[in-house]
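A.B. asks: Feature table excerpt (TrEMBL):
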- B:12-33: transmembrane segment (TRANSMEM)
- B:53-75: transmembrane segment (TRANSMEM)
- B:110-128: transmembrane segment (TRANSMEM)
- B:140-160: transmembrane segment (TRANSMEM)
- B:200-219: transmembrane segment (TRANSMEM)
- B:247-268: transmembrane segment (TRANSMEM)
- B:274-291: transmembrane segment (TRANSMEM)
- B:298-315: transmembrane segment (TRANSMEM)
- B:327-346: transmembrane segment (TRANSMEM)
Amino acid sequence: MSDPAIELRGISKSFGAVKANKDIAIRVMPGTIHGIIGENGAGKSTLMSILYGFYRADRGEIFIRGERTDIPDSQAAIRAGIGMVFQHFKLVQNFTVLENIVLGAEEGALLTTSLGKARTLLKQLSEDYELQVDPDARIEDLGVGMQQRVEILKALYRQADILILDEPTGVLTPSEADHLFRILEGLKREGKTIILITHKLREIMEITDTVSVMRRGEMTATVKTAETGPEELAELMVGRKVLLRVEKKAAQPGARVLEIEDLRVVDGSGVERLRGISLDVRAGEILGIAGVAGNGQSELLEVLGGMRSGTGRVRVNGDELDLVGPRADARTRRARGIAHVPEDRQHEGLIMDFHAWENVAFGYHADPAYNRGLLMDNDALRRDTERKIAKFDVRPADCWQTAKNFSGGNQQKIVIARELERDPDLLLVGQPTRGVDIGAIEFIHQQIVALRDAGKAILLVSVELDEILSLSDRIAVMFDGRIMGERLPSQTDERELGLMMAGITDTDRGHTHAEVEGNLAHVHGKVG
Amino acid sequence: MEKLPRWADIALVPILNLLLALIVSGIVVALIGQNPFEAMRIMVDGAVGSTYGWGYTLFYATNFIFTGLAVAVAFHAKLFNIGGEGQAQFGSLGVALVCLAVPWPHWTLALPAAILGGALFGAGWAAIPAYLQARRGSHIVITTIMFNFIASALLVYLLVGILKAPGMAPETARFPEGAYLPTARDIFAVIGVDFGYSPLNVTFLVALLAAWLVWLLLWRTRLGYEIRAFGHSEPAALYAGISPFRITMLAMLISGALAGLMAINAVMGEQQRLLQDNVLGAGFVGIAVALMGRSHPVGVLLAAILFGALYQGGAELEFETSVPRDMVVVIQALVILFTGALDGMTRSPLERVFLRFGRRAPEPGAPAE
């Protein structure tokens, strides 16, 4: 048997008292796709940062193709043939594809030689692996899927034969993700080794040969993908049995709670982000909005939540909302029974430097129950927080912790506790489980379904199609600021929704990838 | 996880910075041929060695408490108010107008009226940059700096024009005697203690009250909660229904009012007439005080006293030795540099020390390695 492409032995890394990696051992065989799965904070990123030379391990050894290798910095990692595709791309927006590819690997003072060389190589790579990219396009004009290809090409240009991809599908449509997987399969056939870091069980099952599971800094298992299943992997990740499917009864839709007619939003730079949205949500139903990030879903939540102004007509329980002016603010919306779990809990939903108890009042801090004359009643606030923390199982159950010291899942529980305990008529919820661990996802989904069963209307925005499909009672797909159509979850599938997310409504016809990409690049060009 | 324990963050870092500044100052003093230890002794003795020294130290500190609080309040809303100087100058105009308007019978009547005048004028001078920031997005650092120059020019214009008293100097007439504030010497004389002559006056107590009120505002009122939330994240403020316009305006108005109150001490308490240069850089020292005091009223109080001592000690040093005046400014600048600007220089090595120390500490319940 050949030497493993990468072998790690006894890798440990601590940050202060936190052990991010404990005695990690892993063997990645050449020419395979090796998945690494684990919850947020399990230590996946730390491990990969050690492999790529961002951190040095406190202890342990790294072997590349059987040779003990020291990786003090990323230059050393590149020399060892390791390439990394980050979750957040590291590209210069106003450079062309070619310029980005040679950046940092230029040969000589004049760019012409390296650019020429890169162009030849790029042509060959794009033929070999379906990695077509226009070498002279500017990054800012490219869609996210294309930008990711540029990152892969950058690594290949540096002659990487071990490619690490960190959560590569987070920003892609299903069809873009499929394309990425075909590229990875092609690279594997050529003998490249690929490490895929993800928290999505489906991707692991679909594409990897071997999968390693991490939990709390430890490598809990390495198994052949063919010999395992999603349930077992989830259990290995969380350490207990997990319900992967949302259990819910059929919806009992009641009266219309939210009615939207021809809603339009123009952003600060004059681009129309919502181009005439009409929707309604009934009591006791969850309407899911599917779409690739950046197609107007954020703006929809923001305008409904009172964070930006718009035009059109929005009624809640039959009463029209102000969309501009002093009564179009979030406080007035809350008074109307609209609760909002925002997409970005770290910059919107919580003040990261505030204590838990200060955050539990956030947005409702004018409530008379939290105030006593001119001063805030901090004791009442803390009592209320203790109660909510207990009810929503926030850990650690300490109302004096600052928000940034909670894990993503527990931060989200604080937001959910605050908004749901207000007994709203309408809940706006964006990316409820982004960056949240599996155990907390289950809990958060149950809470949302329970609110629906209590007869409340819920508008759900998520870029996770799985989440949309499993939670929603009805699905609307957004593309380029418009609703492409509505479907019932039982009468659609990922393929159809994926095409609608790329702006294609006649989903029965066969479609080329060029068509999908062309549409998406058009939107992203405008966004950038 | 916090990188530094609270006590190290609040006390150890500033003290280390201060020591570093003094060491570097000592080297500079030695380089010009003076004995640094002797210089240090003179400075400490001059600042806190007598009631006279304390009087001056706390008099300067009173100025710095007001300007430091002004910067701190704005800073909680993430507004960098560089305009304390101009707001204090405009505040001095308000104080002077109040004091000159009526033949005040007693200081207890004049003081509240002058507080109102100083605060209103200071707030008014901050209101324009605040509005430009909140509605037009003009950067507050730029506008407040420019407003310092405008305030200064305006004051000169008034002092050589309609406010000018007969005589050569560009200054107003003396305030009526009923507007003189009792000094520390007067107050201590009542209980039979002989406190050396100094301009320290009741305004120091007003400054302490202001510090307490700022604490109350920031950590106990809804407005303070909103100011701090807005300062941490503007999108979050929008999400919570907090109006950025309202918070920007209110935070800057309060900031300007606090800066304006400095004139109670300097103009009403000491000079007893309006002079052309009555702020003398205290507005800028306020920035260093707020930075060193980490924008907390208690920190501001302590930092203001430190800077007051530096001012007074520096003056004594100049008086007693041949260390030139410029040298004193260098020492003050070094303290500002080390405590304010170079905060991170000691912080990150200290964090590493604490991290290493933390790792060695036994971790309860951790599996053996």
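Glycine is no exception: its Cβ is also placed from the backbone N, Cα and C atoms.
As the structure is a computational prediction, the values presented were derived from the model and not from experiment.
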A.B. asks: Thinking of Cβ pairs under 8 Å, which stretch from B:12-33, B:110-128, B:140-160, B:274-291, B:327-346 has the most of them with the transmembrane segment (B:247-268)?
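C.D. replies: Between the candidates B:12-33, B:110-128, B:140-160, B:274-291, B:327-346, the best contact partner of the transmembrane segment (B:247-268) is B:110-128.
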A.B. asks: Which residues of the chain, 6 or more past the ends of the transmembrane segment (B:200-219), have a CB below 8 A from one of its CBs?
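C.D. replies: Hits for the transmembrane segment (B:200-219): 54-56, 58-59, 61-62, 65-66, 69, 72-73, 76, 107, 111, 115, 181-184, 187, 227-228, 254, 258, 261, 264-265, 268-270, 296-298, 300-301.
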A.B. asks: Restricting to the same chain and to residues at least six past its boundaries, which positions have a Cβ under 8 Å from a Cβ of the transmembrane segment (B:327-346)?
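C.D. replies: Same-chain contacts beyond the ends: 13-14, 16-18, 20-22, 24-25, 28-29, 32, 285, 287-288, 291-292, 303, 306-307, 310-311, 314-315, 317-318.
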A.B. asks: Could you name the stretch, out of B:110-128, B:140-160, B:274-291, with the greatest number of CB pairs under 8 A to the transmembrane segment (B:53-75)?
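C.D. replies: Between the stretches B:110-128, B:140-160, B:274-291, B:274-291 has the largest tally.
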